[in-house]
């Protein structure tokens, strides 16, 4: 669940209203294109729920692969995980067919999360180790 929360949190930051804190570290050949992201409330608040709704288009079927997530608070690494996209932690079952995707998720932002600068990187690869998507994040909480 922690990995899923990190993935959706990073994905949420690709919304156009958050363009100052995220960058696409992928290439034009990436297989997943994000079409819309909505946060409610629009700014995460410690101790409150946040609902993230995200949609996008996957260009081709994915039968396996990995998600590498790294989240840091300052220079301290909080999350450094590499898991199968077909694992039980993933919200989709493999194979993942090409097409449109819409996911909604509500999570609580921990009230004891330290204030400060957080950075993150998510790289998703397919069964051939080809990049599906890559996002870098830089945010202050």
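Just so it is clear, glycine is given a Cβ too, placed from its N, Cα and C backbone atoms.
Taken residue by residue with DSSP, residue 82 (N-linked glycosylation site) is part of a strand. With a cut-off of 8 Å between CB atoms and residues at least 6 apart in sequence, the same chain places 66, 67, 68, 69 near residue 82 (N-linked glycosylation site), listed in sequence order. Swiss-Prot lists 82 (among others) with the feature N-linked glycosylation site.
The annotation N-linked glycosylation site is assigned in Swiss-Prot to 104 (among others).
Under the heading signal peptide, Swiss-Prot lists 1-19, citing sequence analysis as support.
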